[in-house]
Amino acid sequence: MNIFNKNLHETDKEINEIIKHEKLRQSSVIELIASENFVSPAVLEAQGSLLTNKYAEGYPSKRFYNGCEEVDKAENLAIERVKKLFNCKYANVQPHSGSQANQAVYLALLQPGDTVLGMSLDSGGHLTHGAAPNMSGKWFNVVSYSVNKETYLIDYDEIERLADLHKPKLLIAGFSAYPRNIDFAKFREIVDKVGAYFMADIAHIAGLVATGEHQSPIPYAHAVTSTTHKTLRGPRGGLILSNDEEIGQKINSALFPGLQGGPLMHIIAAKAVAFLENLQPEYKSYIQQVISNAKALASSLQERGYDILTGGTDNHIVLVDLRKDGITGKFAANSLDRAGITCNKNAIPFDETSPFITSGIRLGTPACTTRGFKEKDFVLVGYMVADILDGLKNNEDNSDLEQKVLNEVTKLIKLFPFYG
């Protein structure tokens, strides 16, 4: 059988139809999932290239396979570009995901049973920062810090107290649902007092850090991890950065052969393309627009009477606290989805509701900003979200209002470009 003369439509009509329908879905909804974005056609082209055929265990010039001359060039380009982007001395672009980037740092710096101090999941932390169901929560002695019960801001005094008490081997800064800036310098002060390692997980705010719109952790953290999608607008994957090249060598060994085998060279090439795009002046303008749009979205919801956690946002995330409204996050997210607005249910700090139900929703602006939305558009989006939430407060059957908002979404989204 000659596989080289058949395209996807000819080979697998079912998958081809799924992709077509997913393209239609992505093009026709207002995407407010904070961890999602739209990559450029150039990134898609690299990711779908024949580099997927090449095995390349090891690192450039130190491979376990022959024939790696071209993929070595691609990986070196990705490394040099991302080092320039974040102004750092070391980068590893091989992690398959942000979770595996975090695991590689743990494997490099920790032993099973070591104490780790990270943000609790319900306060906005990530599964891989020590949550009980995750490997990090099973292998290490985890102590969690939370946000202030009144302001919902990071409580640096509590972190310092817990660090003094428990003497962690590793302190983690980072989040999956926290709308304010992080003081990485303060984290480093705490770390130095107790002799710990400091890891900053910037998966959500990497684009803000790269463009100077958020304090960089590079001068302070022993290791910095990130995803390469979200605000970096690249392929789904992971990344590890550092200014400590000795720690970098430990991380290299931890990732391969410790954690992964062959890297995904088509993904690494796509990362390189995204990093090149991120080095262009217009990328900084994009990130600034992401932040401005998030502020507009938060303000429009506040105007309609909804509680925005911490009273606003410094980044791309808007967390809506629905406790006083008597609506669950799951109920709200499902109704919004039917109205053509995708987001996710999200726990609120000190939330007593099940994590499968939650008391809030998380909204984000990166994806629609990529499509060209400005502040005025996000004000309209905020009003649409509020309309749906208002309807849920009055009537569990929100179908008529969902259809009305869906019509408004369809009218608005057609004004903005998508893949041809």
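Each Cβ is built from the backbone N, Cα and C atoms, and glycine gets one as well.
Per Swiss-Prot, the features are as follows:
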- Leu121, Gly125, His126, Leu127, Glu246, Ser354, Pro355, Phe356: (6S)-5,6,7,8-tetrahydrofolate binding site (BINDING)
- His229: site 'Plays an important role in substrate specificity' (SITE)
- Lys230: N6-(pyridoxal phosphate)lysine (MOD_RES)
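Take the CB of Lys230 (N6-(pyridoxal phosphate)lysine) and look out to 10 A: across all protein chains shown you find 25 other CB atoms. Of all the binding-site residues listed (Gly125, Pro355), Gly125 sits in the most crowded Cβ setting, with the most other Cβ atoms within 10 Å. Around Ser354 ((6S)-5,6,7,8-tetrahydrofolate binding site), taking its Cβ as the centre, 11 other Cβ atoms fall within 10 Å, counting all chains. Comparing the residue listed as 'N6-(pyridoxal phosphate)lysine' with His126 ((6S)-5,6,7,8-tetrahydrofolate binding site), their Cα atoms are 15 Å apart once rounded.
Cα separation, Glu246 ((6S)-5,6,7,8-tetrahydrofolate binding site) to His229 (site 'Plays an important role in substrate specificity'), rounded: 27 Å.
The C-beta environment of His229 (site 'Plays an important role in substrate specificity'), restricted to residues of the same chain at least 6 apart in sequence and closer than 8 Å, consists of Ser35, Glu36, Asn37, Val39, Pro235, Arg236, Gly237. Cβ neighbours of Phe356 ((6S)-5,6,7,8-tetrahydrofolate binding site) (same chain, under 8 Å, six or more residues apart in sequence): Lys330. Ranking the binding-site residues Leu121, Leu127 by C-beta neighbours within 10 Å puts Leu121 at the top. Minimal Cβ crowding within 10 Å, among the binding-site residues His126, Glu246, is found at Glu246.
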